[in-house]
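> Please read through the structure below; I'll follow up with questions.
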Amino acid sequence: MSASEDVWRKDLKMIHGYPMIYAFALNWERIEEFQSTPGDIVITTYPKSGTTWLSEIVDMVLNDGNVEKCKRDVITSKVPMLELSVPGIRISGVELLKKTPSPRIIKTHLPIDLLPKSFWENKCKMIYLARNGKDVAVSYYHFDLMNSINPLPGTWEEYLEKFLAGNVAYGSWFDHVKSWWEKREEHPLLYLYYEELKQNPKKEIKKIASFLDKTLDEEALDRIVHHTSFEMMKENPLVNYTHLPTAMMDHSKSPFMRKGIVGDWKNYFTMTQTEQFDAVYKKKMSGTTLEFCTDIQSA
């Protein structure tokens, strides 16, 4: 049996109180000991919140909207995922980052408590993209159907129960979005919403450029908006994850880029499930100024 065969569909493994993908949890010291540099740019999200979208936008901003430069490699190489480790299948994120020249763009889904201390010490710029929890739950469910390094999700009903309890990889969505929101008061952190990026991409991309000290003309902004639209990215083999082996991600079960819309949750949530989610939301999010849009029309 190859080293890669024993990580598929394994139960999550607890790391300092957080459920983590089994393959990623092996040799966790590599994460704790990771050394950042002050020029590192960290893209941080809860899973299925537009991470790849934001990664391509940031890469384009740093390259002044030059589409050809952004075609230099696949997204998983341009923007390595810090915690990624699938023995025998992929070079680990940490190993890839050692070879990546500065300024590095680093992707992670880690909760604040698990992020290597060196990112805080170096005051690395971070961009957090938050997406409403109902759409995240639906997207995460479909992702777990096709992503073999995650446990099988079971039925939608079973999965939603796990999601609401935080018994999914990276833990509670509620805790994740809330703790990163609070962190922006003490760290150079730009906090963005998926729904706002969807509704007014140029405005949000301007915020990203400003945060990264980049000045872009209107033509460059328009190129970025066009190149990073869902329709373009879904068909772009450099960013749609079709470059990964089918053993790891089976797009016949569900494409990595499925719909990319706001409000798809309405096609899955029953009235009872909506009430259940809203009750948990009210309890977990009390006292925070965070506000989420669950329907683009209401934005």
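The backbone N, Cα and C atoms fix where each Cβ goes, glycine too.
Note that the structure is a prediction, hence the values are computed from the model and not measured.
Relevant sequence annotations retrieved from Swiss-Prot are reproduced here:
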BINDING   48-53, Arg131, Ser139, Tyr194, 228-233, 258-260  3'-phosphoadenylyl sulfate binding site
BINDING   Lys107, Thr108, His109  substrate binding site
ACT_SITE  His109  active site, proton acceptor
> From the centroid of the CB atoms of Lys107, Thr108, His109, the recorded substrate site, which same-chain residues not already listed sit within 8 A by their CB, in sequence order?
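Counting only non-site residues, the set is Val42, Ile43, Thr44, Thr45, Thr51, Met81, Leu82, Glu83, Ile106, Leu110.
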> I need the CA-to-CA distance for Glu231 (3'-phosphoadenylyl sulfate binding site) versus Lys107 (substrate binding site), whole Å please.
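Glu231 (3'-phosphoadenylyl sulfate binding site) to Lys107 (substrate binding site), Cα-Cα distance: 22 Å.
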> Taking the Cα of Lys107 (substrate binding site) as the centre, which of the binding-site residues listed as Lys48, Thr51, Arg131, Thr228 lie within 10 Å of it?
Thr51
> Can you count the other CB atoms that lie within 10 A of the CB of Thr228 (3'-phosphoadenylyl sulfate binding site)?
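There are 25 of them.
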> For His109 (substrate binding site), which of the binding-site residues Lys48, Arg131, Thr228 has the nearest Cα in space?
Lys48
> Give me the Cα-Cα distance between Thr108 (substrate binding site) and Thr51 (3'-phosphoadenylyl sulfate binding site), rounded to a whole Å.
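Spelling it out, the Cα of Thr108 (substrate binding site) and the Cα of Thr51 (3'-phosphoadenylyl sulfate binding site) are 9 Å apart.
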> Taking every protein chain in this structure into account, which of the binding-site residues Lys48, Lys107, His109, Arg131 has the most other Cβ atoms within 10 Å of its Cβ?
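Buried the deepest by this measure is Arg131.
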> For Thr51 (3'-phosphoadenylyl sulfate binding site), what residues in its own chain, 6 or more apart in sequence, show a Cβ-Cβ distance under 8 Å?
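The list for Thr51 (3'-phosphoadenylyl sulfate binding site) reads Ile43, Thr45, Lys107, His109, Leu129, given in order along the sequence.
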> What is the number of other Cβ atoms found within 10 Å of the Cβ of Thr108 (substrate binding site)?
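For Thr108 (substrate binding site), the count of other Cβ atoms within 10 Å is 23.
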> Measure the Cβ-based neighbour count of Glu231 (3'-phosphoadenylyl sulfate binding site), defined as the other Cβ atoms within 10 Å of its Cβ.
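Taking all protein chains shown, Glu231 (3'-phosphoadenylyl sulfate binding site) has 10 Cβ neighbours within 10 Å.
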> According to DSSP, does Lys107 (substrate binding site) sit in a helix, a strand, or coil?
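It is in a strand.
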